[in-house]
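To start, the structure under review is shown below, and the notes come after it.
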């Protein structure tokens, strides 16, 4: 009885959260009044697509792979399969959403484009909010799907640390060996390299990729990051992907420890990726893109592949 009640509460909260935030979206005031007509529909459509994209990529595939490995104690997968799940989820998520919204993967990436003048600042809050909500809903879906497995593995105690910890299925936590400054450096460096590579992938003058290949290359990039930079804290890289599930675990039974663990670690994957992302973006702009031969604005068109 308690189990069914707990699941019903989680489902109801997810549905209420999504419905309420979508309601807020459709009544957002603009400079000329409320959003109306075609612009209203396009904005709502992009909002829903971004939520669906993150629903698919961030949790259902990535955290689903982690849940399978952790709750089976390694008998149904390994660290590599978790990274494969995240990378493949990114590929299919981008294929689903890129045609309408550009499939923005990360608020750090979106902000970097805004800084470069390639994306309007007015859309950044909406994109970031949709990514956060999508990650939150995706975490809830994985939790419901693996509820029995998580309960069996933990004995009914939802822990953040220890041999039976399961909070790491959804969000990042530092390894025991990792210091605060080590974690900060880890995230800044990883995000800088990630954004530098993203800038290179979308630079038309730097050897453009064939149509349709961009999502696959981005997936390979995510896999590369996972297998080379994941042992310290799981290479979160994405503030929305980390905070959304963390908020879900906070209300789903793990409690305030999700914000206290690691000496208050939670804000590092929230802030450091923005610092690293800007560093990587500016590095590419100054050392590579600024040295391309002068071309027309049309030739410098940016393909929003993420």
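Here, residue 1 is simply the first one shown, and the rest follow in order.
Every residue gets a Cβ built from N, Cα and C, even glycine.
Positions annotated as transmembrane segment by TrEMBL: 6-26 (among others).
Here TrEMBL flags 47-70 (among others) as transmembrane segment.
Annotated transmembrane segment per TrEMBL: 82-105 (among others), in sequence order.
Here TrEMBL flags 126-146 (among others) as transmembrane segment.
Beyond its flanks by at least six residues, the transmembrane segment (180-201) meets 108-109, 112, 174, 209, 214, 217-218, 221, 225, 229, 232-233, 235-237, 262-263, 265, 268-269, 272-281, 283-285, 288-289, 305-306 of its own chain at Cβ-Cβ distances under 8 Å. For 180-201 (among others), the entry in TrEMBL reads transmembrane segment.
Annotation source TrEMBL lists transmembrane segment at 213-237 (among others). Here the transmembrane segment (213-237) has long-range neighbours at 79-80, 82-84, 86-88, 90-91, 94-95, 98, 103, 105-106, 108, 168, 171-175, 178, 182-183, 186-187, 189-191, 193-194, 197-198, 201-202, 265, 268-269, 273, 303, 305-306, meaning same-chain residues at least 6 beyond its ends whose C-beta is under 8 angstroms from one of its own.
Below 8 angstroms of C-beta separation, residues 106, 108-109, 111-112, 115-116, 171-174, 180, 183-184, 187-196, 199-200, 203, 233, 236-239, 242-243, 246, 258 of the same chain, each at least six residues beyond the ends of the transmembrane segment (264-287), sit close to that stretch. Feature annotation from TrEMBL assigns transmembrane segment to 264-287 (among others).
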